[in-house]
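Student: Below are the features listed in TrEMBL for this protein:
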{"type": "DOMAIN", "residues": "1-164", "note": "domain 'G-protein coupled receptors family 1 profile'"}
{"type": "TRANSMEM", "residues": "45-66", "note": "transmembrane segment"}
{"type": "TRANSMEM", "residues": "100-119", "note": "transmembrane segment"}
{"type": "TRANSMEM", "residues": "139-162", "note": "transmembrane segment"}
Amino acid sequence: MQMCFVLLFGGTESLLLTVMAYDRYVAICNPLQYPVVMSNKVCMQLLAISWVAAVQAATGLTYLIFSLPFCGSNRINHFFCDIPPLLQLTHGDTSMNNSAIYVLSTVFSMVPFLLISASYGKIISNILKLSSASGRAKAFSTCSSHLTVVVLFYGTASITYLQP
């Protein structure tokens with residue numbers, strides 16, 4: 001259950017951060033179209049897509065992991081139940097699991113990170129074109145809290161998972 005919830009909430013957060021970056025992009029780069037582009041219906045659809053995709057990925061990956069044969073010790077050398085430590089406890093072919101993990105980690109981490117980076121690249125280029133200093137300050141302050149959360153989320157994930 002712990003691994004399923006970690007995958008679910010991590011995937012959902014990654015997708016929701018991407019949706020929030022798109023929201024900031026529309027608000028700063030197309031402010032006159034914001035009410036039309038980011039209507040209440042669109043926001044609910046983006047929220048639902050994020051949750052449904054994360055639920056499907058988390059349950060599917062949890063099923064794949066726990067369908068493997070486990071033997072030996074049941075102690076996980078990690079601070080929570082996670083995929084890499086669990087795969088170390090298995091005996092059998094984990095190639096399908098490794099492929100699924102690679103695909104899902106790309107879809108739920110790299111693609112959102114690249115979309116967030118592209119959104120903020122466009123946002124920063126538009127902010128720098130503003131003539132008033134107060135307008136630039138207001139636009140930067142609008143994005144600063146979201147950027148802080150993005151850096152904390154992807155920074156801690158990369159420290160945890162990108163170690164050799």
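Every residue, even glycine, has its Cβ placed from backbone N, Cα and C.
Remember, TrEMBL labels are computer predictions, not curated facts.
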Student: Counting only residues 6 or more past its boundaries, what in the same chain has a CB within less than 8 Å of a CB in the transmembrane segment (45-66)?
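Tutor: Residues 3-5, 7-9, 11-12, 15-16, 19, 22, 83, 86-87, 96-97, 100-101, 104, 107-108 contact the transmembrane segment (45-66) from elsewhere in the chain.
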Student: Any idea what the model's mean pLDDT is for the domain 'G-protein coupled receptors family 1 profile' (1-164)?
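Tutor: In the predicted model, the domain 'G-protein coupled receptors family 1 profile' (1-164) has a mean pLDDT of 89.
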